[in-house]
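Got a structure for you, questions after.
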Amino acid sequence: MAKNSLKPSNPYNSEPETPQPRPKLPMIYYVVVIALLIGLQLAFFWSGSSREIPYSTFRTFITENKVESVRIAPEKIYVTLKPGVDSGLPKQEEGNDTTRKLLPGAKTPENEVTVNPVRDESLTALLETHGVRYEGSPGTTWISELIQWVLPFALLFGLYFFIFRRMGAGGPGAQFMNIGKNKAALYENLDEHTRITFKDVAGLDEAKAEVMEVVDFLKDPKKYTRLGGKLPKGVLLVGPPGTGKTLLAKAVAGEADVPFFSISGSDFVEMFVGVGAARVRDLFRQAKEKAPCIIFIDEIDAVGRSRGKGAMMGGNDERENTLNQLLVEMDGFATDKGVILMAATNRPDVLDPALLRPGRFDRQIMVDKPDLKGRMDTFRVHTKNMSLSPDVNLKALASQTPGFAGAEIANAANEAALLASRRNKESIEMKDFEDAIERVVAGLEKKNKVINPKEKRIVAYHEAGHAIVSWMMPENDPVQKISIVPRGMSALGYTMNIPLEDRYLMTKRELFARICGLLGGRIAEESVFGEISTGAQNDLEKITGIAYNMVMVYGMSDKIGNLSYYESNNPYYGAPGVEKKFGGETARLIDEEVKAIVESAADTVRTMLKEHRSKLEALARELLTKEMLQYCQIEEILGKRPGGQEEDSGEVDCSKKSAENGMVAHEPETTADAESTEKVGLSATELAELEAAAERLRQSRNVSDN
């Protein structure tokens, strides 16, 4: 999330200048050398495997004057026949010159044969009688035999020893030899200009304060131990993806004056049994040698999953061995003081309970998505090195990015810089940031995607329906922008609602209004064209989810009552899950209640669009002409929002310059009335409509009861 990076230090190097490492030969060179040695060894074996004939045939060849020369050795008689003489042995396959040069014994000439010697004192006389040239050859000594057999193996073992020495020094194959050693990177004595500090972490004030206390404990332990306090053994960072858990750990590495070991949870798991536990032991051994220090395990759920879940039947899960060793190292008989374990995960629900108990992870710090102030601080951090135009309003950008995590804000800021560079601007303007946010939220704009006029008209009325319902119901968030320009994978248009403030609670009326806003597109198509299309698929999915949550999770149904079927141990952190704890009759009742809520919302939307049909037509025509409308342009067509508060507080700038730039600068207040979630201003018409909807809902329930 920041441009700074951490560089592992080498604590074993005390020289002022780092020596240049020796060049490492590729592993293929060693393979070639081994192959050559094996070839030489085979040559020794093949050198003695010449063509052999019986001794009687040898004497016959002498008497028939077919022998040219003879070399007599103690172990063999080597005979050279005259050219053209057939030895009676089968022909050999032809070899090439390279083979004969590399392996001279691989192929014996056709006129050379061997004979096993026998005790024959008349052999020399027979050779002299027939004029055969002969000579003696001394036999091989035991030393030469020893060299012939031992030297190749000595060369092989020497090469083997050399390669494994290279492996131990970090050469080729070192990973195989060091498979039981941990892969943690050590950060120590980091450079002032490259390290990440707590100043680079924004929007995480509470989490940062908790972690800073741990760092301060390591720097000045007496400050805390004087009253009997103990050093915490573990800190678990929990939060959705992209919120800055790893960045917070990098800041700890940059701020702490103690060694910092960093490793990923997946680095403990290998294909070999016992490697994970060995790496855990080696990691804590090194950490204890450098205590006090910090160990950071990123994505600890890769190794810390609950035991017994996901294990193969009939086998021992390697992850369990690794986890058991981790539990022992964190709080077992052989634990030492001075080693703090930090870990990060976005799946705390799958972690083993023994890992989460106090004494191992004493603190669980929630790293959540930033609020309005946190988003503004995060924008400030990620734009501090950018050239910004004076019209850039970071507070307005923060208000336009509700629910953004730190990584998404960093991505939006980077996209804005790229857009400004693509447009050849000298600085990044507010328009660039708004386009970048829109690109992150809705996807890449597809200007070249051709839509036929009929479908374009359907999309225009669909988005206009969303906008009018959201605009006329003050419980909904204000409509910031409407577009019928295709974006992303499949979106043909979208309506962007921007909340005026961060909300943590929603009332039943607000959820009902949100369902109405989502139904606005489908009902508008039905009212104008007399038929519906597939464009409302995503809207219907959201409507179904909200309605079922109202009935099953939040207890907002009179028939179901104050019951919740919420399942906290869901497989995906942060997403509500539902576990079936009811029978078929209750399931039927739930479905009826959900359908009643959605049908009541649909009737409310039909009445509203019928009342504002002229505004629907005007908004759709303007969309077909301009393809994109901002807040001020929408306000010109639909008028002031009923019960809206942003106009009264001066939070919307509808000046001519702002309208020309196509942007609206929302600057919502960070404080809100404590009762704002319960009391919402309603017009008489809206109140009557909601009361009528409630009456229809009650009537439908009475009918179902009967």
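Quick reminder: no glycine exception, Cβ is built from N, Cα and C everywhere.
What you see is a predicted model, and the numbers here were worked out from it, not measured in a lab.
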Check Swiss-Prot for me: it has His462, His466 binding Zn(2+), so pick out which one of Asp391, Asp432, Asp502, Asp539 it puts in that same site.
Asp539
In sequence order, which same-chain residues at least six apart have a C-beta under 8 angstroms from Glu463 (active site)?
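Once residues fewer than 6 apart are set aside, Glu463 (active site) is near Ile482, Ser483, Ile484, Gly493, Tyr494, Thr495, Gly521, Leu623.
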By the DSSP assignment reduced to helix, strand and coil, which category contains Glu463 (active site)?
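In three-state terms, Glu463 (active site) counts as helix.
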